[in-house]
Structures are given as C-alpha cells and as structure tokens.
Amino acid sequence: MDRNPELAIADARPSQDGRAAPSRLDDAQLAELASRIKAWGRELGFGAIGISDTDLSEAEAGLAAWLEAGCHGEMDYMAKHGMKRARPAELVAGTRRVISARLAYLPAGTLDGAPDAQGARRDWRAREAARIADPQAAVVSVYARGRDYHKVLRNRLQTLAERIEAEIGAFGHRVFTDSAPVLEVELAQKAGVGWRGKHTLLLQRDAGSFFFLGEIYVDVPLPADAQTSPDAAPETPGAHCGSCTRCLGACPTGAIVAPYRVDARRCISYLTIELHGSIPEPLRPLIGNRVYGCDDCQLVCPWNKFAQAAPVADFDVRHGLDRASLVELFEWTAEQFDERMQGSAIRRIGYERWLRNLAVGLGNALRAAPGGIGPDARAAIVAALRARLDDPCVSALVREHVEWALRAA
C-alpha cells in the first residue's frame, strides 16, 4: 500500500483540519465522495470512472482453468500469485472497493487522418489495415507509439488518489497500471465501465476498446456502481457482442481459441513482447510485419468506429513509428534504440528482442506473394539481414532469426 492500509479503518479520529476520517463517513457522505471522484476523474482526462466491490469469485474457476491449461505461457507472474488476482482484499490487505479508470490512447491525429490523392480521408482503421498489408512496413501496436502508458496512467491515478486524500484525509490505497496481477477487465466490468468482449478486452459502447485501464484499490466503503451486463452468449438478452465473431476470425495466429478465451502462447502481443526466447518457427510466418504487439482483433471490431482520441499528448506518435519501414528500424544501433525508445513501453523488451522481431518481419517480407515487394526492396532487405549476420556482436537469438529470414532470400 502507498500508505498504512489499516490506518483509515482503525483510526476513528477526525483529521486535524476538521475533516472526517474515512471510517466516519456516513452513506450520504460516501455517495457524495463517489460523485466527486468521478468528476475529478473526468477533469484528469479519464473517459470513465467506476467503483466496484472486491468479490470476483465468479472469475476464479475460469482463471484457474486458464492457468492449468498453460495459456499464460512464460508469464509466470500470473500463476505466482494464484487466486490473489481474483481476490483484491488478499492482494492488498484492507481493500474494500476498487476504483477502475479508462483512458483513451489513440493519438488525436490518428482519427483526423491524412487526405489521399483524391482529397478523401480514409477511416483510420483502413489506414492501419493498409500498413499491415504492406510487407515492408514495420507495424507497432497503436498504444506503444507514444510515451510509456504505465507512467502516464500511474501519474493520473496517483493525482486522483491525492485529491481523495485532500478531501477525506489519509486513507489506505494502492495504484495499479498493468503492473501487478490484477483482473482489470473483470473489475472494470463489475464497476460498469464496460463489458468483456470476445477478444477478452474491455469494450464500451461509446469508446470501443482502444483505451487503457487502471485501478486504485481503496479501504473506503464507497457505494459500488451497477455491473455492466456481460455478453456470456449470443442469445443473452442485452448482449453487446451478439453473434459477431470478427475478432476470432481476424486473429492472425488463431490465439482467440474461443469467445472470451485467448491462448497467450499464440498471441502476437505475447510472442513479440513477453516471450524472451525463440519465437516458435511455425508461428513466425503468421506474425507478418507486426514487430511489437498486434491490434487486428480491435481493428475489425464494429464498436471501434466509436474509438476516442486520447485526451493527452503523451500518446502522440514518436520517432515516426506509425510509418517506419522494417529495414529502417532494423538498422538502428543499440545506442539509437536506447535513445529513441527512452520513455517508451517498447524499451522494456530490449534491443535483442527488438531485432528478433524485426528479423521475423523481414523474413516474412521476403516470403511475400509475388509482386509484394520489388527487386530493389528485396535487395535492401537481404543486405540489411546479411550485415547483421556479419556483426560479430550479434546474439545467438538474433542470429537464429536472421538465418531463418535469409532462407527465403
């Protein structure tokens, strides 16, 4: 906890400036506080703030089965904490409520778009699809093209926590931003922030799914919001995904093995970010030119026609990551990678895995259908790969993937 989790519960004394201690707030005061928290959240740019209790018992069986099947791959931290992920009060002692927040991350310019030769503006999702279809393009997931979201989200959530403290005095709390074993989608759904889509991401009617989630675990018994009706099956009354299965069909590697179930071991986001070693050879051709993460399941989702622009400039594209080529990024030195990825979520995978991912993309470019790339582009790719292979400092991991890529030369 950022502060003693027992303090606000055990201490019934008013604060020195006359504010009531959190444990002394009556129902009306708690309701007013919840309303203010949501207003403060809007001021901080959050698209939605919701409050839930800590009962996630309905998620425990599914979590246990998913872990038992090994679908978490090398993400051992998911199994390490066991059922604490589904038991907020065990993860952070004293927790009574969870505040869930949603922050849009699409760069503002993305939704505006650039006019084509005829002056028409293409839907931004069509532009993203066009880059994925270009064998020479390096595709970085939209969320990772700007500043590291962990920092942006954490700072805003901490500011929100400080506003609460200024209102009621010291209270037990802890901020989470995809940095601990938290079932954030279940918590957000329970708090009425959205519903779990078949791709397992949270969806919201007026915002789609291109947003981050963050939480504040608190020891204050705020009134809980009504849960968003889950889409458990197409025939469920009020279902929000209905019979749509576009995300399942769009997944390049078939990682969405069933509605609401992802096998991370096949997911491109896992393979390019979480996996430390060699990417399984049968999956490499399916990755295409996606070098950090994957947005395919979101791009085809009908709800994302309502995706919102980020309220902050932190997520604006840096270093041309929305238009860079595979060769361009592959030729970065280790020093250039460290310098340019400073403050980016990409930096955490390190230079070695960055090159590994790019080598796979270059190999897939060489394997593109006839006419996919011209002879000059092909020659440039081969030259870049061979230059890396000639580097005596190249790691065994990178060398393996470069050699695989060159087998298509």
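Glycine is no exception: its Cβ is also placed from the backbone N, Cα and C atoms.
What Swiss-Prot lists as region 'Disordered' is 1-23. Look at Swiss-Prot and you will find Asp178 tagged as active site, proton donor, backed by sequence analysis. Feature annotation from Swiss-Prot assigns domain '4Fe-4S ferredoxin-type' to 232-261. The [4Fe-4S] cluster 1 binding site annotation in Swiss-Prot covers Cys241, Cys244, Cys247, Cys301 and rests on sequence analysis. As annotated by Swiss-Prot, [4Fe-4S] cluster 2 binding site applies to Cys251, Cys267, Cys294, Cys297, with the evidence given as sequence analysis.
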Here the binding-site residues are Cys244, Cys294; the one whose Cβ sees the most other Cβ atoms within 10 Å is Cys294
Around the recorded [4Fe-4S] cluster 2 site (Cys251, Cys267, Cys294, Cys297), other residues with Cβ within 8 Å of the Cβ centre, ordered by sequence, are His199, Cys247, Ala250, Pro252, Thr253, Ala255, Ile256, Val262, Ile268, Ser269, Asp296
For [4Fe-4S] cluster 1, residues beyond Cys241, Cys244, Cys247, Cys301 with C-beta within 8 angstroms of the site's Cβ centre include exactly Gly197, Lys198, His199, Leu203, Thr245, Arg246, Cys297, Val300, Pro302, Trp303
Cys244 ([4Fe-4S] cluster 1 binding site) falls, by DSSP collapsed to helix, strand or coil, into coil
Between the C-alpha atoms of Cys241 ([4Fe-4S] cluster 1 binding site) and Cys267 ([4Fe-4S] cluster 2 binding site), the distance in angstrom, to the nearest integer, is 21
Here the Cα-Cα span from Cys301 ([4Fe-4S] cluster 1 binding site) to Cys251 ([4Fe-4S] cluster 2 binding site), rounded to a whole number of angstrom, reaches 12
Spatial neighbours of Cys247 ([4Fe-4S] cluster 1 binding site) among the recorded positions Asp178, Cys267, Cys294, Cys297, using Cα within 10 Å, are Cys297
Sequence-ordered, the recorded positions among Asp178, Cys251, Cys294 whose CA is within 10 A of the CA of Cys244 ([4Fe-4S] cluster 1 binding site) come to none
Here the Cα-Cα span from Cys297 ([4Fe-4S] cluster 2 binding site) to Asp178 (active site, proton donor), rounded to a whole number of angstrom, reaches 20
